[in-house]
Structure formats: structure tokens, C-alpha cells
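Visitor: From TrEMBL, here are the annotated features:
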- Asp165: active site (ACT_SITE)
- Asp362: active site (ACT_SITE)
- 147-479: domain 'Peptidase A1' (DOMAIN)
- 1-22: signal peptide (SIGNAL)
Amino acid sequence: MCSHRCFLILIFFLASHSSVTSRNLPKTSVTTSTILNVADSIDKTKGPTSFQLNQQEEQSYYHSSTSFTLQLHSRASVRGTEHTDYNSLTLARLHRDTARVKSLMSRLNQAINNISKPHLKHTMHTTEQEEIEAPLISGTTQGSGEYFTRVGIGNPAREVYMVLDTGSDVNWLQCAPCAECYHQTEPIFEPTSSSSYTTLPCDAPQCKALEASQCRNDTCLYEVSYGDGSFTVGDFATETFTIGSTSVDNVAVGCGHRNEGLFVGAAGLLGLGGGLLALPSQLDTTSFSYCLVDRDSDSSSTVEFGTDLPSDAVVAPLLRNHLLDTFYYVGLAGISVGGEMLDVPATAFEMDESGGGGVIIDSGTAVTRLQTRVYDSLRDAFVRGTTDLERAAGGVAMFDTCYDLSSKTTIEVPAVAFHFSGGNVLALPAKNYMIPVDTVGTFCLAFAPTASSLAIIGNVQQQGTRVGFDLANSLIGFSTNKC
């Protein structure tokens, strides 16, 4: 009789223990709440629409302990903005972000379904490894969610702003003669004015590495389409890039004579993806890092090549998709809200055998996208922890959870943290997920659902954190307050 009762008690204990430990947090301690400085966040919304042109600082330099780099202000402070109020700026950002995510999903779906792009859709009318740094600034006031870096192109070098993009491999910029080009705030690059510009022949390895190319008069033509209707077409060439004080010869770059899309003011794009044509691969570097400044800031930071992860970095596994080497996947095991793990299976964050699913970290996406069931769980947990806050009527674009904080100076909100495979935890600052959408105190939870199986950690959640990619050891490091 006792043995039977003891057996039942043992089974109950084991079952109960298993159900509890499966939702327990890793050994790393996690806070349950954090403070949001509402007044400070609202004050920053008044800056982007009032930044004025400041060209005097554009050409200044400074010397760091490891290399020379450009000292620059944000694109907003250098170029100003066409938006007269913060709400319209927010809506423009979110519209651009939706197009960005559509582009990434399209790219992945093409790879999974083995859809090739052998022909151009849009016709065209007539070193040794060392630490290299370049400035990194916020470009959100131009209506986009990307960040921009300042680099020199050609010989003699002409400095231009280029979008920084970990979701792309091909470097490109608009070139004269320009059959169709979007508006950029600087003169179009003139390849004939550079002594180091050389078009690539069709049999060049760089040409063969392109996803979409064509041959004309033994000259390699390239095309990059971004899924949202944006594209660039032109000659594929090699050119000298000047990054900080370091010149790098023979960098493969697209010289776009026909370009269309929402690149908004930038001269082109700097690809930091994992492919062969991306800048890290062309620099033959085994590591790089960037730190994204506050989206409403006029300060600057850097993107650095050849630097080690800081010793205090929160480290996570860097994973790759065998079907698409561009994206950087991170080993995410779960998410906690208010110190409690979300009740979602670990498979919600894993890549499947077909190459679908998983979590990528992306500099070009603004708002983190989560599978709908994961997002719903996160949102519901957050709402349960904010019952003392006044909800705003309705949502804003993709945000469905907003609050009226107009009467608040500071508030306490549930802590949100990413839990990586291996047990390391990255706690997000409150300002990285409770963001203002106007100047009168409306704040929204800055996560969004996606019907896709692919999740994306966006730049709003990354801001203020140096994100390092140790390519040699397949690690991603997150270091707070190291901008």
C-alpha cells in the first residue's frame, strides 16, 4: 500500500518539478521591472524635426586609440528633415520598415523555394587585416529606419553617406550618367573622375558571385532588387574605399545608373551581410561590430572591423542558413517579460530543416518582428504588468499596444529580456521597447507580429548597444553602453 502511494507521490513530484523547471529562468538573474524616463524620451522627439544643416563638422577627424575615424554628426543634424512633426516622422519610419521586412521575407522565400534570378528585370540605359573604423549615425529623420555611415569612394576619395545594412551583400552607389535615380542630398558619384575605378569583366569571380547579372560588351552588369519595389542596376566594378584613415583597393561595388526606391538621401548602400561580396568578406576580416545610436540622436558612433568582442559582452551563438549566407541568425532560446519566461515552445525561435524560421539580427529593420503567437504572449504579459498605466485609444500603424503617458515623468514597466542558447541574457533598456510616437506623450510597445516563421531583432531594440560579430568563432556579442 505504501509502495503504491509513494510511487504516485514520486510521479506527481517529478511531473510538477518538470513543468516548473521548463519555464524557470536560466541561472543568470533577471530583474522584473525597469524604469522608463518618459520626460527624457518626449524631449528627444523635439530634436529630429529641428536639426539644421551643419556642414562645418562634416570633414573633421579625430584619432582614437586604435585607428583614425571620421567625427560626424547624425544625418539629421547634417541634412535636416522634411517632417514638421514627430508623428508624421514616426509613420514614415513605420511605413519604410514594413517595406524593409517585406524585402527580407521575399529574399528568404526565394532561397527556400529555390527561385533564381538569372536575368536582369530592369534594363540599364546608356590589405592586411587591421582595425578599421568608420562613423555610424542615425538616418531616421530622412524617413527611413536605417543607419548611415560615412565613407570615401574613389581616388581622389569623395566622401558620401551610405546605408549600413547587415541584410545585404552587394555594395553599390548611384553613378553618373544617371538614367533614373532617386533624390540624394549629395552630388551623384562620377566614375570618370576616379583613377581607381575599373569595370569588371563578365568572367570575374565577383561577377559570378552575383545573384542577378548580365553581360554587355564584356562588362558585368548587376541588379539588386529588394522585394519592396526598390532596385539598383548598373555596372559592376572595383573601386577604392576609404574607411576612416584606411584605404582599401579593389572593393567590388555596383555603379548604379538606374536606381529606384526608398533609400532617401543616401548615395548608396554598404553591405555587411555574410556573403562573399559583402564588405566584411572583401576586407578579409574575421570580426566587425557596430553601435546604433539613439534613433532621435544627433550624436555619432562607429562601425569597426577587426576588433575582438569585449570581455563583458553578452555572448550568443551566431548561426547560418545553408540556403542563404547573407543573414546573421542568433541562437535565441526564449524571451522573458517581468522576470517570467513566455509560455512558448523553444521551436518558435529555431530554424527548421527547410531553412525557414529562426531569428536574425538586422541593422535595417527598425521594429523587432516575432511570430504572431510569440508576440501575442509577449504583449499579453506586458499588458498584465502595466495595469496601472492609462491605455491610449487605438493603435499606431503596426503598434497595437499604446499608452497615454502625457502626465508622467518616469514610470516602471516590466523588464523585457532576450535569453540566448547557453544561458546568457540580454536585458533591454525600457526606452528600447517603449517608444514615443508623438510629442504629447503617446508611447507604444515597439514589437510587432509577423505571419512569417522568421523573426527579426530590429535596430530599435539594438540602439545603445555595441553588436559584435565574431565570424571566426560563430559568436555574436552584445555590449551595452559601448558606443
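Including glycine, each Cβ sits where the backbone N, Cα and C put it.
Automatic, uncurated: that is what TrEMBL annotation is.
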Visitor: In whole Å, note down how far the CA of Asp362 (active site) lies from the CA of Asp165 (active site).
Guide: 8
Visitor: If one looks at the chain holding Asp362 (active site), which residues at least 6 apart in sequence have a CB under 8 angstroms from its CB?
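Guide: Within the chain, Asp362 (active site) has Cβ neighbours under 8 Å at Leu104, Thr166, Gly167, Phe327, Tyr328, Ile456, Ile457, Gly458, Asn459.
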Visitor: Counting across all protein chains present, how many other Cβ atoms fall within 10 Å of the Cβ of Asp165 (active site)?
Guide: 24
